[in-house]
């Protein structure tokens, strides 16, 4: 059945307008973004199929461009719109955290950093720069690497901390392989950065690792001392 023939309260777009986006399923939200289906498949069936094949909404939005463009109903324009939406979401979250009077706890920091890094398909390393009251000054991805490694240069981290006049910072990087467990290289790098930043009176409060599950705090797990 064509989706236009459905009762209004069951159509994703009308449902969103009447009841709010929060009540929609992932497939319904994606259907609203896609706008239309393809021959023989309405837009909701198309959205459901995409989520099944890619393994979920996050996996679909973060998939390689070539893989997405192979799907029926997804052209370059639609792909660009989806990527723009993803970036808008990240920037909205980034703006919210910058406006915060202070970080309200480690859990909020982990949620924020996960949202900023989880889409990356290669390993990246970033810093959340903080003032003396641990209020956010800026977040930057400083280094990008391959699927399993990003080269980090302590001198550049120090330079960016000075540029932002930071009193403290939180290091972060992702593990695209999925595991959040720190490697020995991760631990050694963190200790090296702590020593270097201490020379300019900048504290390293934590190093957060983003994998497939919950973000890992190296401080909370005893790998380093804040």
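In case you wondered, yes, glycine gets a Cβ from its N, Cα and C as well.
What you are looking at is a predicted structure, and each value in this text was computed from that prediction instead of being measured.
Between the candidates 185, 186, Swiss-Prot assigns the Zn(2+) site shared with 173, 175 to 186. What surrounds the Zn(2+) site, by Cβ distance within 8 Å of the Cβ centroid and not counting 173, 175, 186, is the set 123, 125, 174, 180, 182, 183, 209, 210 from the same chain.
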